[in-house]
């Protein structure tokens, strides 16, 4: 306070610059979403996010691509419109549930199966505030690998 106006402005500018530099070093803030630039969201890394057991099934089995593509389209459509909502599906087929779990893990969604009145219900939710689908969908990635 005992300094001239110019010196006070210089000190304030210095403190502001220091604050900006600290923010840059810390990386993206909580509100920023860097999934598009992050190498953890390449198709290969998305595939590695799938559990080992499911990856083995996807590699070994002849996967019905139409079913896989249908689930991808449904989830894309749903979460593009309502990223914070919960998608619910009643699925009797254990293989179809397995495929849906794989698609969810690839898309970085949370999925869970539970019994409801003697049937299996799956709930899918988004762990992020918004929905950013991978650049290459699972069906296209699997076709590319074969």
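Placed from the backbone N, Cα and C atoms, the Cβ positions cover glycine too.
Annotated in TrEMBL:
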COMPBIAS  1-20  compositional bias 'Basic and acidic residues'
COMPBIAS  29-39  compositional bias 'Basic and acidic residues'
DOMAIN    65-128  domain 'R3H'
REGION    1-42  region 'Disordered'
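Across the domain 'R3H' (65-128), DSSP helix (H, G, I), strand (E, B) and coil residues number 30 helix, 21 strand, 13 coil. Over the domain 'R3H' (65-128), the average per-residue pLDDT in this prediction is 94.
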